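Peer 1: What Swiss-Prot shows for this protein is this:
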type	residues	note
REGION	208-499	region 'Catalytic'
BINDING	300, 351, 476	Zn(2+) binding site
């Protein structure tokens with residue numbers, strides 16, 4: 001079936017073969033291309049729904065979209081569905097696929113659809129979100145559902161799929177509404193690709209940062225504190241602190257000035273910025289002395305006020321402010337996920353105020369910063385430019401100038417990039433930095449944004465060489481995105497085996513007996529003076545148990561100290577990363593760890 005056409009491509013729009021006949025549009029073949037997988041997975045979501053309806057006749061369905069690497073469907077059933085039920089649902093799906101059922105499409109008006117599904121409250125919910133006009137329905141056998149498509153023309157194309165997990169999901173992501181059942185799955189065009197993906201999924205489960213965060217005692221969450229509010233334990237706080245200190249030095253070397261703005265600002269400031277009108281639903285507000293205040297979801301307004309605190313000349317530009325800014329954003333509880341999606345997080349945020357002629361130069365410098373940092377952590381990455389969304393501030397000309405500046409910088413660096421039409425923030429176009437981890441998964445992290453809008457709204461000025469007042473350009477920039485998300489990604493990328501220079505505990509020191517503890521603590525103190533954290537395992541336990549405990553913590557290095565080491569002032573080193581054991585003098589060991597720490601270059 002590799003050469004069979006399953007859909008067509010009209011510019012960026014995928015159109016299924018049920019909708020188009022005798023076309024000159026680009027053909028989408030049955031394979032593992034991005035467009036083909038979107039059609040296959042969308043169709044497989046309906047195949048799963050058809051199987052569920054067959055097994056659970058009372059089932060009612062909400063939405064079943066394609067997501068990164070797969071699909072899901074939210075639905076309501078009377079009985080509880082668990083992981084053990086996925087096998088029988090898969091079995092029914094295979095039966096339906098083997099039956100080679102034709103998939104057809106027809107259209108009715110919205111009013112006709114409301115009447116057709118009058119006894120289905122979930123379908124009524126879906127129809128409320130659909131604009132007036134024609135509504136498309138896809139039918140396969142006795143099963144039919146509202147859908148924009150596209151779908152494959154026959155269930156025979158849906159052979160290589162896997163249901164991966166079952167979960168609860170609040171209706172429309174609102175925790176105040178009922179909990180529906182959600183089943184996730186994936187699908188491919190061939191058996192080998194599915195097998196490869198499932199292998200990655202199994203490895204991802206072992207690397208899950210929520211699991212490793214607990215095992216390595218990095219962070220925790222507590223219902224009494226609230227969802228999406230991470231609590232950093234000692235190990236996690238040390239890891240984060242090392243990352244923060246390293247980035248602080250890098251920023252200073254690149255000419256950034258540290259600043260700090262308040263976390264609570266009057267609503268008036270958010271009205272000027274446009275956040276109040278365009279981002280209010282994502283913010284938290286309170287009343288103080290009968291005035292409305294908003295907790296900041298972004299750091300830009302504080303940095304603007306720092307810019308306005310002094311008279312600025314063209315000789316001062318570019319001005320580069322950076323802050324580890326704590327921000328809060330309202331997220332529905334249904335989308336919270338470990339450190340990846342939280343309500344409070346800290347951005348490695350910077351804002352650069354410059355002249356229009358300096359935009360490309362500054363973006364190029366940021367791109368070099370990104371490249372150095374990603375190489376340090378062994379991440380590959382790609383760039384994507386997001387353009388003007390439907391809901392935006394500023395006229396088209398301003399957006400065009402800003403978007404062009406980003407493209408020119410990327411072109412000059414020779415970097416390939418994609419275009420996300422309409423994916424920009426409401427106040428300007430942006431470059432999204434997407435990193436690829438050890439499991440070949442892509443993650444959205446940092447951003448670079450050009451902003452002509454906020455300088456205009458806040459009436460920012462500088463005096464040019466002709467002594468005339470001009471408006472600066474503002475560049476928003478975060479490279480990691482947030483410490484929380486990046487640490488979550490890094491944890492999974494390296495499976496909890498952090499690089500030596502940021503490992504929360506870089507060295508485990510194991511004295512064999514009580515007589516060796518004093519020497520162990522002497523080494524610990526010397527390491528701490530080098531900003532290297534270590535732990536002495538001094539409990540009255542067997543040597544093998546102490547080593548096993550240290551190994552479970554995935555420490556880069558373990559030192560074993562006995563009579564011989566104390567007498568010779570040496571160490572027995574187990575290097576987890578180099579996978580070797582050797583004896584070194586203490587001086588040689590200290591020299592080794594100094595070299596490890598000096599490997600971080602910028």
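Numbers here mean position along the shown chain, with the first residue as 1.
Glycine too: its Cβ is placed from the backbone N, Cα and C atoms.
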Peer 1: Comparing the binding-site residues 351, 476, which residue's C-beta has the most other C-beta atoms within 10 angstroms in this structure?
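Peer 2: Answer by Cβ density within 10 Å: 351.
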Peer 1: Just how many other Cβ atoms lie inside 10 Å of the Cβ on residue 300 (Zn(2+) binding site)?
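Peer 2: Total other Cβ atoms inside 10 Å, all chains included: 22.
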Peer 1: What is the set of residues, excluding 300, 351, 476, whose C-beta falls within 8 angstroms of the centroid of the C-beta atoms at the Zn(2+) site?
Peer 2: 298, 299, 303, 304, 349, 350, 449, 451, 454, 474, 475, 477
Peer 1: State the mean pLDDT for the region 'Catalytic' (208-499).
Peer 2: 94
